[in-house]
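Swiss-Prot lists Thr65, Pro66, Leu67, Gly68, Glu69, Gly70, Lys71, Thr72 with the feature ATP binding site.
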Amino acid sequence: MKSDIEICQTATLTRMKTIASNLGLHDDDITPQGPFKAKVNIDALKRLKSEPNGKLILVSAITPTPLGEGKTVTTIGLAQGLAKLGESVSACIRQPSMGPVFGVKGGAAGGGYSQVAPMEELNLHLTGDIHAITAAHNLASAAIDARIYHEQRLGYDVFSEKNQLPALRIDPQRVVWKRVMDHNDRALRMVTIGKNEDGKTINGYEREDGFDITAASELMAILALATDLQDLRQRIGRIVVAYNLDGEPVTTEDLQVAGAMTVTMKFAINPTLMQTLEGVPTFVHSGPFANIAHGNSSIIADNIALKLTDYTVTEGGFGSDMGFEKACNIKAPLSEKSPDCAVLVATLRGIKANSGLFPLSPGQSLPKELFAPNKEALDAGLDNLLWHINNCAKYGLPVVVAINRFPEDTQEELDSLLNWVSNLDINVDVAISEAFVKGGNGTLELAEKVIKACQQETQFTPLYTSEMSLFDKLNAVAIKGYGAERIELSEKAQQQLATFEKLGYQSLSVCMAKTPASISTDGNIKGAPTDFVVPIRELKLCAGAGFIYALCGNVMTMPGLPEKPAFMNLDIDGDGNIVGLS
């Protein structure tokens, strides 16, 4: 079988103007970005406002191996399967970060014959949204340090009188806005800025700082959660970047940089329209990670897709304890649109990996034993699949399990898994997906069962309400969302929680940052752990995004490169074709 990029580069694609027209978009709704992608003007929503919403299908997964279990492949393949059944359908996915593209996982366009195309354009820059977010974010960083420098150089009173601006009196030790870049670079996690030659201060105030990956920026979350340009502007203005010497929050609005940040992101608020290999329209917008952010594509993209098609297929990052949980508890209450069906992706290798019988390490190849028949490992890993089925069902949604088939899978083990799921005393259906090898033809049974599931009545129930205290919300996610015994706040986190409550932020949602390798916060614990403690070492206020960000365990907001990064495989030939991208 050809490689992903070879399949994509030899595919016959439809011009984007035709894709958009068939979708119901007018010429003035789109701004073409070459022949096969276009920006969709957010103002199209005004024209579509009176149209009914279609069905929203949310794709999630069991606890994944480091290489993933095929959520995007299934998302794209399912959309293609629905289209082959004659349904009106679109897909919504996140824009890939170049960190993972050059790091461990490679690209995020799907794979095989279920890809978004052109995949090299999707995986590398696309229309520049992530770069715009990086620029806007670092503009705020520059504004913070410039303000500290000038106020301290002149003195607060002189600065205020000279510039007719209030002195913000930012405490340099309480700047909470790190810089960002769209690469995995562990060396930038902790840096010292503002260093000067002896006797000079021209480079600013020396202080400790650090970098996060752009996908972890609050601006990325804001882009994904904003409903229109005005909402984007207001959210950016609410961002707390530091605290002053009296312990009061300092916002981007206080720095008078929020407007310029929004201007920098003006084009980024418009989703990018692309297509699958079979011509299914696909909206690509925003790219928050699910382990260190809320892990879902944008509300704006969903809203446009739901107005234009009867079915919209989207995905939440990592397992159902991650992106799916955040879609239900953060995204859905804001969008006022809950999923109509949950599709849970499982693989034989992923179930075996959750048996706890094999060592797994990020950046390392999967053990060969995962690809061979192994009844003991398969049986031992079923607890994880059952946990994720129950987890999706607890939100009041019908669940369809999609068994993503790999070439080495045996029919005997597939049949065993099908029978096991079919015999569960739960509202769940199951089908094998061969989206990777067969495209839409490999998901026809899955598509039929998803249509059936979408016809069921749902009783969508998030884990918490806005009226609950922040502590109770954190506990709700840990206990009801993960099956933990309790949370355990560090002394620092306790102080931060008290501060946020005192400042009036108790109505915000909570966003847990933790390892995706386990339902718990310890990536070494596989299966369906119980009675564990969720340690929260630090809390961060994301007032613009509308949530409190809880750092659990040892999760990092700036990834590092593995021993053998994916960028080693990338090159370009004499004709300008990219090779080695997966």
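Glycine is no exception: its Cβ is also placed from the backbone N, Cα and C atoms.
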| Cβ neighbour count within 10 Å of Gly68 (ATP binding site) | 23
| If you count Cβ atoms within 10 Å of the Cβ of Gly70 (ATP binding site), leaving out that atom itself, what do you get? | 29
| request: Identify which of the binding-site residues Thr65, Thr72 has its Cβ surrounded by the largest number of other Cβ atoms within 10 Å, counting every protein chain shown. | output: Thr72
| message | So if I measure Cβ to Cβ from Glu69 (ATP binding site) and keep only same-chain residues at least 6 apart in sequence, which ones fall under 8 Å? | response | Ala61, Ile62, Val345, Ala346, Thr347, Arg349, Gly350, Asn404
| query | Including all protein chains displayed, how many Cβ atoms other than that of Leu67 (ATP binding site) lie within 10 Å of its Cβ? | reply | 15
| task | Using a 10 angstroms cut-off on Cβ to Cβ distances, just flag whichever of Pro66, Lys71 is the loneliest among these binding-site residues. | result | Pro66
